[in-house]
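Worksheet for the structure shown next.
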Amino acid sequence: MRESLHIQGGQCGNQIGAKFWEVVCAEHGIDPTGRYGGDSELQLERINVYYNEASCGRFVRRAVLMDLEPGTMDSVRSGPYGQIFRPDNFVFGQSGAGNNWAKGHYTEGAELIDSVLDVVRKEAENCDCLQGFQVCHSLGGGTGSGMGTLLISKIREEYPDRMMLTFSVFPSPKVSDTVVEPYNATLSVHQLVENADESMVLDNEALYDICFRTLKLTTPSFGDLNHLISATMSGVTCCLRFPGQLNSDLRKLAVNLIPFPRLHFFMVGFAPLASRGSQQYRALSVPELTQQMWDSKNMMCAADPRHGRYLTASAMFRGKMSTKEVDEQMINVQNKNSSYFVEWIPHNVKSTVCDIPPTGLRMASTFIGNSTSIQEMFRRVSEQFTAMFRRKAFLHWYTGEGMDEMEFTEAESNMNDLVSEYQQYQDATADEDEYEEEEEEEEFAQHDM
């Protein structure tokens with residue numbers, strides 16, 4: 001079995017994670033006590049991807065929960081599905097990281113990290129063939145960003161050949177929870193560029209917009225936002241868990257989506273968008289799904305794909321549908337919007353079809369795109385970072401935990417390099433002369449010296 005080990009860190013990560021597990025439990029017919037009450041053999045066929053079967057016939061999740069304060073975990077534990085986590089897999093401190101990346105990465109988090117790694121090791125040893133790790137965290141706070149990236153780099157050392165997928169919630173453009181978000185996010189991206197294989201970029205503001213505009217919710221709660229995220233998360237892994245006509249896994253996804261190793265930050269979308277209470281009453285068709293899925297208003301991060309070009313994209317359909325129709329729709333999208341795809345990667349949209357739809361829907365689709373427009377997001381965070389860093393504002397909180405200013409400078413330049421790499425490939429064309437390329441190579445050689 002190709003198991004996937006789920007790790008959630010910090011308040012945001014734990015809340016998203018809890019929602020995600022509700023969705024997965026519903027899909028596999030697992031009730032809040034961990035017993036199977038479903039109606040289809042297929043639900044049990046590959047249940048091992050996310051669950052361990054305990055001796056008494058109960059299913060226990062392959063999940064590790066960590067935080068530097070007990071609050072969020074207590075609410076997860078007392079939540080509707082809190083009973084199916086292994087009690088030993090809750091690892092928490094008492095002091096909190098206080099939105100300080102350095103506390104999460106160097107001081108408080110570093111003290112707790114070994115206990116987290118012990119749990120991760122124990123879970124990994126329980127797997128027949130571990131495919132990889134998925135980490136939920138936010139980049140604006142202290143624990144999810146600081147300790148989350150610390151854990152990712154430690155896991156990277158210990159399991160270098162396993163896939164590392166992150167669901168990372170970026171700071172929003174207009175809505176800010178904490179002043180030091182730009183610092184925390186930039187320091188985290190600096191780590192993610194090096195240590196993650198695939199990062200799904202999420203953003204509260206874009207999720208709010210979807211709730212207002214598409215779902216017509218007047219006062220969306222974090223619960224509604226997390227519901228959207230969990231639908232996408234479940235879509236990304238559905239091929240591991242259910243049989244399909246065209247399968248994919250985390251590794252195939254990476255091979256098809258990442259043309260250059262540093263450019264592994266993806267935009268995600270989901271269709272059909274329905275609010276939590278209302279199941280949609282109209283039957284959906286593949287063309288409708290495709291249209292909604294590629295719609296820029298559907299993207300869960302605050303970047304507009306129309307401002308850049310897609311390097312690659314992947315569409316994951318779920319439900320009973322004809323693969324021929326899926327292929328036709330995909331070709332159709334690429335032909336109609338050819339200017340939004342780079343022409344130097346032919347056939348750059350991968351599609352997968354999984355037979356089992358999500359609970360309560362006849363068909364659904366998840367979209368993952370590697371678009372150069374995501375640089376808007378990095379650029380925005382980078383500008384805010386520079387504005388504060390020039391004045392050395394709030395820096396004493398970080399240096400007081402033993403950080404060096406040099407690390408900030410490195411993180412800043414790494415983020416700026418990332419932005420310019422995206423820009424470079426956005427502007428690249430297929431028929432540039434080899435002569436130009438040689439010139440560029442020479443420039444790079446001089447640059448590196």
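Each residue, glycine too, has its Cβ placed from N, Cα and C.
Listed in Swiss-Prot for this protein:
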BINDING   Gln11, Glu69, Ser138, Gly142, Thr143, Gly144, Asn204, Asn226  GTP binding site
BINDING   Glu69  Mg(2+) binding site
REGION    426-449  region 'Disordered'
COMPBIAS  429-443  compositional bias 'Acidic residues'
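Positions of Swiss-Prot features highlighted on the structure.
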| residue | record | Cβ contacts under 8 Å, 6 or more apart |
| --- | --- | --- |
| Gln11 | GTP binding site | Asp67, Gly71, Thr72, Ser138, Gly141, Thr143, Gly144 |
| Glu69 | GTP binding site | Phe92, Gly93, Gln94, Ser95, Gly96, Ala97, Thr143 |
| Gly142 | GTP binding site | Gly10, Leu68, Gly96, Ala97, Gly98, Asn99, Asn100, Trp101, Lys103, Gly104, Asn184 |
| Asn204 | GTP binding site | Val169, Ser172, Val175, Leu225 |
| Asn226 | GTP binding site | Gln15, Ile16, Ala18, Lys19, Phe20 |
Just counting, how many other CB atoms are there within 10 A of the CB of Thr143 (GTP binding site)?
-> 34
DSSP three-state assignment (helix, strand or coil) for Asn226 (GTP binding site) | helix
Fewest other Cβ within 10 angstroms of its own Cβ, chosen from the binding-site residues Ser138, Gly144 | Ser138
DSSP says Ser138 (GTP binding site), in three-state terms, is strand
Once DSSP output is merged into helix, strand and coil, Asn204 (GTP binding site) belongs to helix
Using the residues the record lists for GTP (Gln11, Glu69, Ser138, Gly142, Thr143, Gly144, Asn204, Asn226), what whole-number Å value is the largest Cα to Cα distance?
-> 23
